C-alpha cells in the first residue's frame, strides 16, 4: 500500500528531516495562492499519484510564474495520468504539490527494503541520485552501497557513518546524514514500512541535506495497527476491482489478457497463468480465493472477473486439500446459476473428492466444461474463448 509524495514528506518532517517548502492543492485557485506564498521565483509543481514516471509524462514541471502554476493545475486536476507504471486507464490526479525551487549542488539516492531471507532491513545509498535504482543496479551496481539492520537492535550510528564515508560526505554533511539514516530506519520500523525511497536526497547551496522527493509503501497486513497510515491511504489510486476484492478477503490483481482465472492458492494461480501463457493466450487476472471455496466466495469471485469486459472465458482451477471438491462443485453450480454467466466456463478439479465434484458439474444443466488436467483445461478455455486464432496468428 502506497502513500503520496506529499504524505511521505509529512512523515519525513515529523521525524526531523528537512523538506522543501510546499503546499498541497486540490483546486487551481489554491495552487495560485500557494505559489504566491513561496518566495523563490521558480516553483516546482507535481501531480500526486501512486506511480513513477511522472516527469516523462509531463506531470512534474518547473514554473516561472504563479500563472504558470495555475495553468498546470487547470490542465491536470480532475484528469488521469498515464505512465509506464499505471494501467491503461491511468490514475486520477486529485491533488497538486506546489514547492519551492531548490538550488542543488549534489544528488544522492537513499532507499530501504526488507530482506526476507536474512530477516533484516537493507538500507541502500548511491551517488547516482535522481536515477531509477533499477538503472543503477543494471549499469553501475558498484555504486550501490548497503548495510543490513537488525530490526530488534535498530539502526546504529556506525552504520550511518559507514554509508556517509561511501558517499564521500564531508564532516558537516556526514553528521546530517547519520541523523537522517537513524530517523529513516526508526520510521521504517515504527510504521511497518515495506519500501522507503528518497530520490534524490540533495545537498543545497547552503550545505544542507534535503529530501527532494519521497516514496513510501507500507505492509497491508499491518494496517490494523497503523491507524494513521490507514487514514492517509488514498484508495482512489487503486484498481476498483482490486479494492473490492481485498474487502472480501480475495487476492485479485488485474492483468491485460482475456482468460479469467479463479483459483484457490497463490502457487496454483501462478501455475495456471503460466499454463495459459504456454498454450498461447494471456490471463486476464490473478485471483486467489484462498482455502475456503464457498458458494459466497466463488460467486463474488465470478462477479469480479465478469466486471472486466476483456474477459472472453473463465478457467476455474481448484485443488481440494482441506476443502472437498464436491462441495466446491456445488458452490460453482450455484454461483453460475445465481449470476447467469454467459461466458464459457472451464473447470478443473483435483484432490479430495475430485471425481464426485466433476460428476456433479457434468450432471448439472449448465454448460460447464470439465477438464481432467491443467494442460487440458488451458487448451479448452482458449479454444472456447474464440481468441486462440488471434494469438496464434501474432
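Here the Cβ of each residue, glycine as well, is placed from N, Cα and C on the backbone.
If you take the C-beta of residue 55 (ATP binding site) and look for same-chain residues 6 or more apart in sequence within under 8 angstroms, you find none. In the three-state DSSP classification, residue 55 (ATP binding site) falls within coil. Positions annotated as ATP binding site by TrEMBL: 46, 53, 54, 55, 99, 102, 107.
The Mg(2+) binding site annotation in TrEMBL covers 199, 213. Residue 199 (Mg(2+) binding site) carries a strand DSSP state (E or B). Residue 199 (Mg(2+) binding site) has a Cβ environment of 23 other Cβ atoms inside 10 Å.
Look at TrEMBL and you will find 264, 321, 322, 323 tagged as substrate binding site. Within 10 Å of the Cβ of residue 322 (substrate binding site) there are 10 other Cβ atoms, across all protein chains.
The annotation domain 'ATP-grasp' is assigned in TrEMBL to 9-229. In the predicted model, the domain 'ATP-grasp' (9-229) has a mean pLDDT of 95.
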Site of maximum Cβ density within 10 Å, from binding-site residues 102, 323: 323
Nearest-integer angstrom distance between the alpha carbons (Cα) of residue 99 (ATP binding site) and residue 213 (Mg(2+) binding site): 11
Nearest recorded site to residue 53 (ATP binding site) by CA-CA distance, among binding-site residues 264, 321, 322, 323: 264
Annotated substrate contacts 264, 321, 322, 323, maximal Cα-Cα distance (Å, integer): 11
